[in-house]
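**Student:** So TrEMBL says this about it:
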DOMAIN    1-108  domain 'C2'
DOMAIN    254-374  domain 'C2'
DOMAIN    413-537  domain 'C2'
DOMAIN    578-706  domain 'C2'
TRANSMEM  806-824  transmembrane segment
TRANSMEM  836-866  transmembrane segment
TRANSMEM  950-979  transmembrane segment
Amino acid sequence: MAQYKLGVEVVGAHDLMPKDGHGSASACVELQFDGQKFRTSVKERDLNPVWNEQFYFAISDPFNLPNMHLEASIYNNNKELHSRSFLGKVRIAGTSFVPLSDAVVMHYPLEKRGLFSRVKGELGLKVFLTNDPSIKASNPLPAMDPLSNQPPGNPNAVPLVHEHKSQARHTFHSIPKEVHHHNYHPQNNPLPPGTINDQAPPFVQYATDPMKAQPVPPRIVRMYSSASSQQPPEYALKETNPFLGGGQVVGGRVIRADKPASTYDLVEQMQYLFVRVVKAKDLPAMDVSGSLDPFVEVRVGNYRGKTRHFEKKQNPEWNEVFAFSRDRMQTSVLEVLVKDKDLVKDDFVGIVRFDLNDVPTRVPPDSPLAPEWYRLVDKKGDKAKGELMLAVWMGTQADEAFPDAWHSDAAAPADATVIGAHIRSKVYHAPRLWYVRVNIIEAQDIIMHDKTRFPDVYVKAQIGNQFMRTRTSQARPNPFWNEDLMFVAAEPFEDHLILSVEDRVGPNKDEILGRVIIPLASIERRADDRIIHGRWFNLEKAVAIDVDQMKREKFATRLHIRVCLDGGYHVLDESTHYSSDLRPTAKQLWKPSIGLLELGILGAEGLHPMKTREGKGTSDTYCVAKYGHKWVRTRTIIDSLGPKFNEQYTWEVYDPATVLTVGVFDNCQIGDKGKEGNGNNRDAKVGKVRIRLSTLETGRVYTHRYPLLVLHPSGVKKMGELHLAIRFSSTSLINMLYQYSRPLLPKMHYVRPLTVMQLDLLRHQAVQIVAARLGRMEPPLRREVVEYMSDVDAHLWSMRRSKANFFRLMSVFSGLFAVGRWFADVCAWRNPITTVLVHVLFLMLVCFPELILPTVFLYMFLIGIWNYRYRPRYPPHMNTKISHAEAVHPDELDEEFDTFPTSKSAELVRMRYDRLRSVAGRIQTVVGDIATQGERIQALLSWRDPRATAIFVLFCLVAAVALYVTPLQVLVAISGIFVMRHPRFRHRLPSAPVNFFRRLPARTDSML
């Protein structure tokens, strides 16, 4: 195995701080990584030095690479004083290291070493990983830094730098990536050759005794205190106190049991009987032809599992594992039969029986149980010909054989042949998405077939199923566009960028003048907004032409474009309100994680039957959880309305303002009687749960039953309850608090922002790409599942959502409305004591204006402290009241579930269009009224109404003199007392200023 090395190319620095007293600096860069130190040469008197030097660090422990850091410090070397001064440093986390093929030059802003350090400028570095055996690690500096005592000019102080430049592109088996934990993968497995693990395997202890969950009545909790947000009790969240692998959960805290805790402490431990069928030998010939088609059948009571069969093979190898739930076993005997596959009836070959009371128990991280040879016996118990290699043991879902095993709780007892890859659990990694920016600048030497007319030339760009085009240009022969086109592409890049120059010769008739095909893998990548140099591409003819015609054409049409892969953006592949990841595409820009999210999917209860099998309602349920690039899918539990999954998963968290989404689906790929369907059925959605991480307390275990609420054309419906255990652990509290001051999106979203229409179109394309890629995996994650989890239709029009958003807006301003009503009561002297106290407070603040802001902030502080007692202790969930889903009209629901474009009748569409026009008319009136008030303010000084403007100008003159003479505090006090005067001194008619303002002219007279 070739040793991995970290390559660092020091490109240059920009705009350094002058430190030599003459307005310049003599800079060198010192690199430190994994106990090794390298130094570049010194660039004399240069604030923008360029080095272009490469260094290679040996990585001592690749497993600990994410916990390492590369530190690059810039120093100014002073030969006269034999000293050096600090110019800045850059610290790069090990999680940002990428292979050479993905590496780009990054310009990092220099950081301070201390609080009083003065630094500025940027340092350009290219950091990458390589396992090329021809590249040797550079010679490090000695342990004693010679620059601390020797002048920098000493040739012994700076060792010779060994540069190794390879023009070949290196291939990696695996590179460090973000840590993904899964409850099926043991932490102590050896890594395959050529693999770097990004975290050392932790020490794991497992509890050997099963912990049975006692029936604890769930407690209904309320999420919202306001009456307008209350919903029926059956739709409420229910807190539970289950017994999990780490102990009983009470009030979010785990009461440890008197046994070592398991790594899977957020799920209930489930006992399984594991049977590994390895191979057989010396099996007898059963057919007349002397052949044998063997397979193995494992029986535990009514449950039967079968291996695949081999044709005409007497020494077969299966290496398949079967897992039988201990809670469902109703017998104490395990039978393993070897049979001969036949068309009419399978022939019996031999059998091996086990007493389940004698089966050993295996607890990871113990080594796997070694399989043994067992002699086959016939039905009478006499020895038969042939032997079978088996391994039988008791274990839990923590066993590494669990994910690939056949499960008895995932198959119907009546017909146990219903096993397919699509019902097993799986961890998926969504592809890394890139924005492709194509800047179409100009074309040269366009050759037209019809030279008597002006051309309408445009450029059409295509990547996969994405098409975009520029505007038409009539310039001849060198049309100019300078337009940016944005696309989404996924790694590995399978599609090409196809650019075609076309001429519109008539309505719906375009002529292709030429095209160019650019592989996406050859496109330059960037992680910032640096300028990409343009390139000229020769266009190829779309149709073949003869050689003589090619000789007559002296010049070729060329296209000038700039194209790059923008890695500084975060590619939005989900709704912006429910984003689970906000990191940019370029891994060099990733920051270290701030925490760990652990999810235990315990099970579901009270599910609504989704299908009918053998005359009764049932459901084949599985769960899908999505956070960041990692998607997980539990195994499918067949024929159960209360499935128990007990699977635990873990994600790294990089931003608390993200959302975890867990969906429940019914597997419709399984037909009646357990046979696989044709794959054309769509998996039915049962419901989903969203949990925002910022609403969770760190270190607390949340165990709740979440109602699965789904909106149907007939109204909202509860499909069951999903039992989850969630824990959000913080690895660095300071980094988490610092994250609240950082921008929500990467820097490029603010430096070169994309329009709302661009983002919406690109998000739709990204979802389609992710769905296509995940649908090609095994087992496939179907398109309808990905679209439902990503809320692909959240942007479509819905009358219900519009009303819900309006009432949400009214709820936000309800506090202001309440303050306004209270102040109106004060002005009306409804409660004289309160009004007098408000007068006294007002006069105090007028006399001491310096107390206004401290009083406001102190008041908000006291309100926050008071509300701490009533803080939400549970994560929010779906609320039918807020969603305005309880009293919605059936026609509005039918409109919401309509396809786009519509598939309804013309009369129904006309009725809905008229209704939309009436709603838009009210909105139009409100917008016009707001514009009218603003135009009246502008009319005060525009002399549109000369008498009104003259009155206002004279008033301004008098007010200026009065305000100059009268102290401001006196004016404010008089104004406040006048506003809060007693009703006896008020008139029912509007005041003079209001009347004057309403008489001002607006532009409504100019409207058509």
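Positions of Cβ are set from backbone N, Cα and C atoms, glycine also.
Owing to the predicted nature of the structure, the values given are computational and were not obtained by experimental measurement.
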**Student:** Do any residues of this chain, six or more beyond the ends of the transmembrane segment (836-866), have a C-beta under 8 angstroms from a C-beta of it, and if so which?
**Tutor:** 826, 969, 972-973, 976-977, 980
**Student:** Checking distant contacts: for the transmembrane segment (950-979), what same-chain residues at least six beyond its ends satisfy Cβ-Cβ under 8 A?
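**Tutor:** Same-chain contacts beyond the flanks: 827, 839, 842-843, 846-847, 849, 940-941, 996.
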**Student:** Thinking of Cβ pairs under 8 Å, which stretch from 1-108, 413-537, 578-706 has the most of them with the domain 'C2' (254-374)?
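**Tutor:** By the under-8 Å Cβ criterion, the domain 'C2' (254-374) pairs most with 578-706.
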**Student:** Please count the residues of the domain 'C2' (413-537) that DSSP assigns to helix (H, G, I), strand (E, B) and coil.
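**Tutor:** Computed counts for the domain 'C2' (413-537) are 6 helix, 66 strand, 53 coil.
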**Student:** By DSSP, how many residues in the domain 'C2' (254-374) are helix, how many strand, and how many coil?
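**Tutor:** Its residues divide into 6 helix, 54 strand, 61 coil.
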**Student:** For the domain 'C2' (578-706), what are the DSSP-based totals of helix, strand and coil residues?
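**Tutor:** Summed over the domain 'C2' (578-706), the classes give 10 helix, 65 strand, 54 coil.
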**Student:** Restricting to the domain 'C2' (254-374), report the mean pLDDT as a whole number.
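**Tutor:** Here the predicted model's pLDDT, averaged over the domain 'C2' (254-374), is 83.
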